[in-house]
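Q: There's a structure below that I have some questions on.
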Amino acid sequence: MCCFLQNILVFKMLEVFARTEIIQYLAVGFGSLNIITSGMQYGWPSASLTHLQNPNDTTVNVHLTASEGSWVAVANLIGAIIGSPLAGVTVDIVGRRKMILFTFFPYMASWLSIAFATTPTVMIFGRFISGISDGCIFTSLPIYIGEIASPKVRGLLCSSVPVCLIGGVLLVNVLDTFMTLSASALFSTIPPITCFVGMLFMPESPYFLLTQNRTSEARATLEKLRGTDDVDDELNRITESTKQSKEESKGTFRDVFTIPSNRRALLIMMLLRAAQQLSGITALVFYVSLILQAAGATYSVTISTMIFFSAQLIMSIVGSVIVDWTGRRFLLLLSALGSAMALFVEALYFQLDSEGADLSNWNLLPITALVVYVIFYGVGLQNIPILMLGELFPTSIKAAAVCFGDLYFAALAAIVSKFFKLLAKT
């Protein structure tokens, strides 16, 4: 009798889930696990380089020079230069869901390489192949979310991407506080494994299915996502949208540079990305622990690093909430001015310290200035360049423009991070 009642209860729960929109939340949740994985790879150098570059640290399997450490840090950005165009070319051929599933394999190979690396080459290789997945997931998942989410929650679900990225950065720094680097890398395989298993049971985008003339599958998918059989109106809208897209000429990389309006949009995008990266955010994310060590911190560098990334996570959420209320221009100006002032204070501290000034009463200034910097950075420079990328270009050229934007970001971030290490030697 008890078993019979349990079966009835399970059946009722499944029936309730089938009549709600929970599937779209599950799909976004499983897919976002690999955004968290990307964030963990992005934040991994800040948590690890202090150990790897310490020749007296016996908890690691390999030790790195400063030069090798800088290549380990930027290797995933170089990999993203390959991953972004790879996804841009194939996401409309194999589908969004399969592209998300593909990212599992480089991520797993990356974490296993990092966990068992005994040479710098293996570690650099592991970081490089993670960048391939980074480029693929940041191209495919936003498209997938935009195409499966109902209009009333689309904005909320799309905003989960930057939040999950910074959440992954914070998570890997917490893990490396309590685990060895090898154990942390093995633990970090849990998100991509969970993502892969979960996405096996998630539906493909109905937009993609209609572009492949698989109308009956698109209807079944839409019914599953919306939790109702009444999807005729939405299915018709999607059908008309896909037909219109096929009839319109698809923009190419050449159109990004040859059409005057696209060139203006491209210039704005490049300036926004340059302001973002030249503020030094990627270098700070990679090397914040080493920066605080170089400042001769008398407090816990580990705790300070977690405070830094916690502030970045909180301000990422705040910036997403207030951007439509305050406007893009005001937030960008405020963010740029505040970030510049905080970085000036940080630079002044290191300059005075290099000249032998007594700064013993100012030992909290480096972490304070960095937290103030990331607060101002988070409200504008962090999210608005990404947001504007989707608003500046017409639909026909957007895919090519986004692909170029991702390539430009990865190349610029790699150059700035590498240049930072060169400057640090002088």
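Yeah, the Cβs are placed from backbone N, Cα and C, and that goes for glycine too.
TrEMBL lists 27-426 with the feature domain 'Major facilitator superfamily (MFS) profile'. The transmembrane segment annotation in TrEMBL covers 22-44, 69-87, 99-118, 124-144, 156-175, 181-202, 271-295, 301-323, 330-352, 364-387, 399-420.
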Q: Tell me, please, if the transmembrane segment (99-118) and the transmembrane segment (271-295) are in contact, taking contact as 3+ Cβ pairs under 8 Å between residues separated by 6 or more positions?
A: no
Q: Can you tell me which recorded stretch out of 69-87, 156-175, 181-202, 330-352, 364-387 has the most Cβ pairs within less than 8 Å of the transmembrane segment (271-295)?
A: 364-387
Q: At an 8 Å Cβ cut-off, counting only pairs 6 or more apart in sequence, do the transmembrane segment (69-87) and the transmembrane segment (364-387) clear the bar of 3 or more pairs?
A: no
Q: Which stretch, 22-44, 301-323, 330-352, 364-387, 399-420, tops the Cβ pairs under 8 Å count with the transmembrane segment (181-202)?
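A: Ranking 22-44, 301-323, 330-352, 364-387, 399-420 by Cβ pairs under 8 Å to the transmembrane segment (181-202) puts 22-44 first.
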Q: Are there residues at least six beyond either end of the transmembrane segment (156-175) with Cβ under 8 Å to its Cβ atoms? List them, or say none.
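A: Same-chain contacts beyond the flanks: 24-25, 28, 32, 35-44, 46-47, 138, 141-142, 145-146, 149, 184, 187-188, 191, 285, 302, 305-306, 309-310, 312-313, 316-317, 320, 382-383, 386.
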Q: Have the transmembrane segment (124-144) and the transmembrane segment (399-420) got at least three CB pairs under 8 Å, pairs 6 or more apart in sequence?
A: yes
Q: Same-chain Cβ contacts of the transmembrane segment (22-44) under 8 Å, 6 or more residues past its ends?
A: 76, 100, 103-104, 107, 110, 114, 127, 130-131, 133-134, 137-138, 141, 144-145, 148-150, 153, 157, 160-161, 164-173, 188, 191-192, 194-195, 198-199, 202-203, 224-225, 227, 285, 309
Q: Where else in the chain does the transmembrane segment (364-387) make close Cβ contacts, counting only residues six or more beyond its ends and a cut-off under 8 Å?
A: 162, 269, 272-273, 275-276, 279, 281, 284, 288, 291-292, 295, 297, 299, 304, 307-308, 311-312, 314-316, 318-320, 322-323, 328, 331-339, 341-343, 345-346, 349-350
Q: To what whole number does the mean pLDDT across the domain 'Major facilitator superfamily (MFS) profile' (27-426) round?
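A: Here the predicted model's pLDDT, averaged over the domain 'Major facilitator superfamily (MFS) profile' (27-426), is 87.
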